[in-house]
Amino acid sequence: MAAAAWLKLSVALTCALLLSSSACHGLQVGYYKKTCPRVEAIVRDEVKRFVYKNAGIGAGLIRMFFHDCFVQGCDASVLLDPTPANPQPEKLSPPNFPSLRGFEVIDAAKDAVEKACPGVVSCADIVAFAGRDAAYFLSRMTMKINMPAGRLDGRVSNSTEALDNLPPPFFNLDQLIDSFAAKGLTAEDMVVLSGAHTIGVSHCSSFVSDRLAVPSDINTGFANVLRRQCPASPSPANDPTVNQDVVTPNALDNQYYKNVLAHKVLFTSDAALLATPATTQMVRDSANIPGQWEAKFNKAMVKMGAIEVKTGHQGEIRRKCRVVNH
Ligand code: HEM
Ligand SMILES: *[C@@H]1O[C@H](CO)[C@@H](O)[C@H](O)[C@H]1NC(C)=O
C-alpha cells in the first residue's frame, strides 16, 4: 500500500518534469511507423467498412473509447470477455451492457493487423485509432485527429469499477465535473466531450424516469415525441432506442450544443451544462462559433486517450482482444 503510493508519487513527479502528459506516458504520434507501418490504414479501412454500412457503429466506437479510458485507463479492459475466473468484466456492467457496440469492428481490425504485423499492436491503440477514425468518417472527413499511440493492454476488467467510474445520465453538473476531474479532465473537457452526443442513440431506460416521468426542463414538444417512442416504464424486454440528435443524427457536428440551448437533449447530464454561467457560455460558443467545438473536440479526444495509460510491466500486447495472454 505505502510502496504503491510512493511508486505512484514518483511516477507523477517524473512526469511533471517532462514536457507533456503524452510524452510522460510514452505515447507518440506514428508510434508504429517502424514496427507496423500500415496499422493506421488497416484500422481505418475496417472502420470505414462498418461505419458506411451502419453509422451507429461509429457512434459506438467513439463511446467505446471513452468507456475504455475511464475505467483502468485506456487499456482495452472494456473488450475482455467473461471467463470462469472473471465472470463480471466491464463489458457486462450496466453502463456497457447491452448498449455498448462496435466490438466486432475491433475484432476485425485486430485480425487484419495481426496478419500484417503479429504481436506488435495493442488492442488499446486499436480502440483509440477506431474512435479517431469513426470521428473522421462521421464528420465527413473533416475531423482529423493526430492520435498518439503506445498504450499497453491491461489484465484487469471489473464491472464494479465500470459502475464506479463512468458517469450515469442522471448526474448533475458538479457530479459530472468531479467524475471527469478524477480522470484529470477539466470542466471544459467535459463540456466539449459531451458533444459526442450529437451522434448515436440512447435506450429509453437511460432517460425516461428522470426526464419524462417527472417535471424537467425538457422541451414539451420534444418530450411528447419521445413519449411516443418510449414506453412509460422501459424494461429489458421493452427498451427501444431513440436518436440523440434529432436534427443531424449521424453527423459529428456542433448541433448538440444547439439542442442543449433548445432543451432538446435526452439526459439530465446534457441539460446540466446550462447549470452555471461558465458552462452555459461554453455551450453558446460551441453552438455559435463555427469550427470552435470541432477544434476543441479534436484536442480533448487526444487528452482522453492519455488517461492512466499502462507501460512496462503494467500491461501487455494482447494476441486476441477479448482475452488476456496466458
Ligand atoms: C458527460 C458524461 C456522459 C454521460 C452521463 C453519458 C451517458 C450516455 C448514455 C446514458 C448514453 C446512452 C446509452 C444507451 O442507453 O444506449 C450515451 C450514449 C453515447 N455517448 Fe455518452 N455520456 C457521457 C459522455 C460521453 C463522452 C465523453 C463521449 C465520447 C467522447 C460519449 C459518447 C457517446 C456516444 C457516441 C453515444 C451513442 C452510442 C451509440 O449510439 O451506440 N458520451 N452516453
Ligand atoms: C471489483 O472491484 C470491486 C471494487 O473495487 C472489488 O470490491 C471487487 O473485489 C472486485 N472484483 C474482483 C473480481 O476483483
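The backbone N, Cα and C atoms fix where each Cβ goes, glycine too.
Candidates considered were C74, C117, C123; the recorded disulfide partner of C321 in TrEMBL is C123. Record note: TrEMBL gives D245, T248, D253 as Ca(2+) 2-binding, and the candidate from T198, T220, T279, T280 in that site is T198.
In TrEMBL, the cysteine linked to C230 by a disulfide bond, out of C117, C204, is C204. Note: TrEMBL links C69 through a disulfide bond to C74 (candidates: C36, C74).
DSSP assigns D253 (Ca(2+) 2 binding site) to coil in the three-state reduction, placing it in neither a helix nor a strand. Remark: T248 (Ca(2+) 2 binding site) has T198, Q255 as non-local neighbours, by Cβ distance under 8 Å and separation of at least 6 in sequence.
Taking a C-beta cut-off of under 8 angstroms and a sequence separation of 6 or more, D245 (Ca(2+) 2 binding site) has the following same-chain neighbours: H197, T198, I199, A251, Q255, Y256, N259. Ranked by Cα separation from D253 (Ca(2+) 2 binding site), the recorded positions R63, H67, P167 are led by R63.
For R63 (site 'Transition state stabilizer'), the number of other Cβ atoms no farther than 10 Å from its own Cβ, over all displayed protein chains, is 23. The two recorded residues, H67 (active site, proton acceptor) and P167 (substrate binding site), show a Cα separation of 10 Å.
Other than the site residues T198, D245, T248, D253, same-chain residues with C-beta atoms no more than 8 angstroms from the centre of those residues' C-beta atoms, the Ca(2+) 2 site, are I199, V247, P249, N250, A251, L252, N254, Q255, Y256, N259.
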